[in-house]
Amino acid sequence: ENGISPRAVWQFRSMIQCTIPNSKPYLEFNDYGCYCGLGGSGTPVDELDACCQVHDNCYTQAKELSSCRFLVDNPYTESYKFSCSGTEVTCSDKNNACEAFICNCDRNAAICFSKAPYNPENKNLDSKRKCA
C-alpha cells in the first residue's frame, strides 16, 4: 500500500472495462512488460507496454501542473468524473483542470490498451533482465 487510493485506480479499471468489455484489468495489465504496473524503466517490450509508458509520462506531466500541486506526488489519488457509452469513454466537463488532465491520461491509455495486442509472454516479465 503506497498511498494509492483504491477509488481512483478503480476508476481507471472501470475505464479499461469500458473500452475492453470482459477484460480483467488488474489481472491482465498489472505487472505486464516494463511499464504496466508500478514504476517502469528500459524500452517498452510491445505496443501495450508502450501504452503504459505514455500513461506513466502523462502522470509525470500531471504532477507538474500547478492545478495538481495538492496531489502529493500521486495522481492515482485524484478522482474524476467520466461516463461510458458502448466502448466510448467521455471525461466529464465538470472535472477541474487537474481532474480533466488525469482523466484524459487514463482515457487515452484505456483506448490505447483496446487497440494493442496482448502478448501473454510479456506478463510478469523478469524486469530486472528485460527492462534494464
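Count begins at 1; order follows the chain as displayed.
For all residues, glycine too, the Cβ spot is worked out from N, Cα and C.
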Which of D46, D56 belongs with Y35, G37, G39 in the Ca(2+) site listed by Swiss-Prot: D56
Disulphide bridge to C36 as given by Swiss-Prot, partner from C18, C52, C58: C52
Cysteine of C105, C112 paired with C51 via disulfide, per Swiss-Prot: C112
Disulfide-linked residue for C105, taking Swiss-Prot as the record, within C34, C58, C68: C58
DSSP three-state assignment for C131 (disulfide bond): coil
Structural state of C52 (disulfide bond), classified by DSSP into three states: helix
